[in-house]
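**Q** Pulled these features from Swiss-Prot for this protein:
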- 71-76, 105-109, 129-130, LYS142, LYS151, 169-172: NAD(+) binding site (BINDING)
- GLU184, HIS247, HIS264: Zn(2+) binding site (BINDING)
Amino acid sequence: MAKQVLVELGERSYPIEIGQNLFSSSEPLARYLQNKNILIVTNETIAPLYLQQIEAMLSDFACVKPVILPDGEQYKTLEQMNTIFTSLLEQNLGRDTVLIALGGGVIGDMTGFAAASYQRGVDFIQIPTTLLSQVDSSVGGKTAVNHPLGKNMIGAFYQPKCVLIDTHCLSTLPKREFAAGMAEVIKYGVIWDAEFFQWLENNVEALKSLDTQALEYAISRCCEIKAEVVEKDETEQAVRALLNLGHTFGHAIEAEMGYGVWLHGEAVSAGTVLAAITSNKLGLVDESIVCRITALLAAFDLPTTAPDTMDFEQFIKHMRRDKKVLKGQLRLILPEGIGQAGIYSDVTDELLEEVISCA
């Protein structure tokens, strides 16, 4: 039986359905698809695995020709967005259209942004197939594409009608992609829930072996935390920024190394360690906290150091373009212990250079 987490945003509230074998029935989605045209957006990797199954599930509804995009962060661009818009226009689809994002974070972000933009807004549904998208990017309404000068710089806040998470999809996920998703899972423990962090420490092998109960609990807990945060601060004016732990450093790594060279979760992992080291140098946490965070990330074979080829100047030029920068001042999300974090705008360049040089 599927577990449901509700994101409560008044008229824009929506359910997250979490379970196994959810692609066998259209029941969770039926209410959003009646009298609608349905355009599925997916990629070349996911289409052979799940597209036929989803089309069969939706056979009672009006599905049109799907959009199949190339796979990878490097294709999260306005050019590929235009492929979605062209398909919508060529098939004469109007505001009675529902877009379905079938894939990972890139597909979800692009489909959501297309839905927010097309004819000033059409409905969309998230069917995330990677761990990272299931626990993070499919929930909360952040949609965007990248720009050569910065990640997720062009986008909108736009909530889905429903999120359908089938944990069975993780059985086809490459190990590297699974590990990248665990960086976001661990983030929730660091910023919000010390008990969950400890549970993760105690269940590394169960998660790595794709134990069904462990996966469903971890995904559900992450979605519960994400829903709680989004309900308090939908457009990231305050507490939602905490979800960006590791991302200011991480986005700099992605932009400098080239999108897709480091997976997003890998960059967030290294960025989380850099944030923890910064906290330690500011006296916010002792070294044992840095060690626990680093050890848990390393247990999932994630990188815990910055790329050897990046120096301070390369980091800082990208970090200064971060969306959290306010009045020219860099704001970092830093752990204050296990289970809590804060926003800090008084970190000097000298300290950051010290952190980056020793990481």
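Here the Cβ of each residue, glycine as well, is placed from N, Cα and C on the backbone.
Fair warning: this is a prediction, and the values are worked out from it, not measured in the lab.
I'm curious about the neighbourhood of these features; can you describe it?
**A** There are 24 other Cβ atoms within 10 Å of the Cβ belonging to CYS169 (NAD(+) binding site). Secondary structure at CYS169 (NAD(+) binding site), taken from DSSP and collapsed to helix, strand or coil, is helix.
Residues near HIS247 (Zn(2+) binding site) in space but far in sequence (CB under 8 A, at least 6 apart, same chain), listed by position: VAL268, GLY271, ILE333.
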**Q** Starting from the Zn(2+) site formed by GLU184, HIS247, HIS264, give every other residue of that chain whose CB sits within 8 Å of the mean position of their CB atoms, in sequence order.
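**A** Output for this site, in sequence order: LEU132, ASP136, ALA183, LYS187, GLY246, GLY250, GLY265, ALA267, VAL268.
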**Q** What is the number of other Cβ atoms found within 10 Å of the Cβ of THR172 (NAD(+) binding site)?
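**A** Taking every protein chain into account, the count is 13.
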**Q** Which secondary structure state does DSSP assign to THR130 (NAD(+) binding site), in the simple three-class scheme?
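**A** Coil, per DSSP.
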**Q** According to DSSP, does GLY105 (NAD(+) binding site) sit in a helix, a strand, or coil?
**A** helix
**Q** Among the binding-site residues listed here, GLY105, GLY108, whose Cβ has the fewest other Cβ atoms inside 10 Å?
**A** GLY105
